[in-house]
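Participant: One structure coming up, written as structure tokens, with questions to follow.
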Amino acid sequence: MHLLQLLFRASPATLLLVLCLQLGANKAQDNTRKIIIKDFDIPKSVRPNDEVTAVLAVQTELKECMVIKTYLISSVPLEGAFNYKYTACLCDENPKTFYWDFYTNRTVQIAAVVDVIRELGICPDDAAVIPIKNNRFYTTETLEVE
């Protein structure tokens, strides 16, 4: 009986070891892959009616491919290629870069939006996933007109 009591009695060293293992397991669970990584690049300032090129680079850390739709939204209406929407298959080994050329004569806030969508005929064999947690990602920049 005494041997059984020793076996079930937790020493401080054992408790410390279990605590460290638990903390390590929780930290490892925080290392999740990013669904969308985006880099939106526009000039900070331009002169009125100068051509502006907006560049959006998109990649993922997921192992599965996704169908994405990218587009721009502005605080004031802009014409031309600004309104183009791009649809593409995004995979971890194949990042995408999108370009928009437009003109403006007013200071404007611009949001680059990436939606993960369900659409057939974009990814090979229609093999694509849709994240449960988030399916819309965006970033905003301000374009100053001097």
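Positions of Cβ are set from backbone N, Cα and C atoms, glycine also.
The signal peptide annotation in Swiss-Prot covers 1-28 and is backed by similarity to another entry. Residues annotated as pyrrolidone carboxylic acid in Swiss-Prot: Gln29. Here Swiss-Prot flags Cys65-Cys91, Cys89-Cys123 as disulfide bond, drawing on similarity to another entry. Annotated N-linked glycosylation site per Swiss-Prot: Asn105, in sequence order, evidence recorded as sequence analysis.
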Participant: Among Cys65, Cys89, Cys91, these being the disulfide-bonded residues, pick the one whose CA is nearest to that of Asn105 (N-linked glycosylation site).
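Facilitator: When the Cα distances are compared, Cys89 comes out closest.
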Participant: For a quick check of packing: other C-beta atoms within 10 Å of the C-beta of Cys65 (disulfide bond), how many?
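Facilitator: By my count, 22.
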